[in-house]
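Reading through the structure tokens given below for one structure.
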Amino acid sequence: MQLSLLVGLVCFSAINAKIYFKEDFSDDDWEKRWIKSKHKDDFGKWEISHGKFYGDAVKDKGLKTTQDAKFYSIGAKFDKSFSNKGKSLVIQFSVKHEQDIDCGGGYVKLMASDVNLEDSHGETPYHIMFGPDICGPGTKKVHVIFHYKDRNHMIKKDIRCKDDVFTHLYTLIVNSDNTYEVQIDGEKAESGELEADWDFLPPKKIKDPDAKKPEDWDEREFIDDEDDKKPEDWDKPEHIPDPDAKKPEDWDDEMDGEWEPPMVDNPEYKGEWKPKQKKNPAYKGKWIHPEIEIPDYTPDDNLYVYDDIGAIGFDLWQVKSGTIFDDVIVTDSVEEAKKFGEKTLKITREGEKKKGKKTKKQKKKEKNEKIKKEKMKKRKRANRKKKK
């Protein structure tokens, strides 16, 4: 009976799961669904490509950036806008930086249904921004930014993104109990509570401005032992003249000046004397500033809620182009997102790693050939100079 009930609940959940948007760029009509922004004339151009290495030539086609040092902006509207109130929100997509990106974004933005995608740009309002961002060795993180009460709030935790040349699946799950989870390649990378990990609300408590540390409060756990005295023979110089040094026979005091032996470390040198430490009988521990509750704090059970979700887009800057985005899904079901992402985690990744190894060998070969050519050029230059 219990097993039948469990199966029934799973089936009910699967039947009631809603997919609000899904895109795998597998047909030629993608340009009808995706709108390129005309806000700037020099936005970077997009193309459909499976890249240099892939698992399946058709299934692994995705949206690729093609021009270096460009801003990119493109988006798609949902068939119908929705609210995530009372249910989970799952955003998932794949990213492949096969160009070995040095600086550039790889994130998506979830937006309202009334957004003008033909005029979208970096300042266009959004609900959620999610995905990897890389710039040099210092920035390799996953952005999770929520818009709340006219402000964009960045996550306070540092989530490291993948920085290799292969495809990776990024998943954000926002739950109706105000919790969240970030997954990379189906594995949990971070999780927690929205209120704790973002500065949506003022703190519940603040330090009491009227509280002061007592003047006689001693935080020193150890103090100098006043009975400990410095030994009389303690003070010795750090360096002394080398006793084994001899003045050279050809040394001329009139010509060379007065000879002085070189200095060596003094084996009797003991350094700065410090008295021994003892337990402080007046030690009270570290003083903790008392806190008070603030009247401005009001909890919000709807931190996770967006009433009008109707579009998704890529709005980013890349120094080195070549990133491929694929397998985009927005749903209320973690299971649906997981099923949709299985292709990426199995077929795509396995095929890429086989062909990617070959590509790495080719790169190494090209690098060695380049070094040989440079050496040949140097030899030719050297021979020309000899002839002259």
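A Cβ is built for glycine as well, from the same backbone N, Cα and C atoms used for every other residue.
Listed in Swiss-Prot for this protein:
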- 1-17: signal peptide (SIGNAL)
- 205-215: compositional bias 'Basic and acidic residues' (COMPBIAS)
- 208-219: repeat '1-2' (REPEAT)
- 216-227: compositional bias 'Acidic residues' (COMPBIAS)
- 225-236: repeat '1-3' (REPEAT)
- 228-249: compositional bias 'Basic and acidic residues' (COMPBIAS)
- 250-259: compositional bias 'Acidic residues' (COMPBIAS)
- 257-267: repeat '2-1' (REPEAT)
- 257-295: region '3 X approximate repeats' (REGION)
- 271-281: repeat '2-2' (REPEAT)
- 354-365: compositional bias 'Basic residues' (COMPBIAS)
- 373-388: compositional bias 'Basic residues' (COMPBIAS)
For the repeat '2-2' (271-281), report the average pLDDT of the model, please. 95
Secondary structure content of the region '3 X approximate repeats' (257-295), with strand meaning DSSP E or B: 0 helix, 10 strand, 29 coil
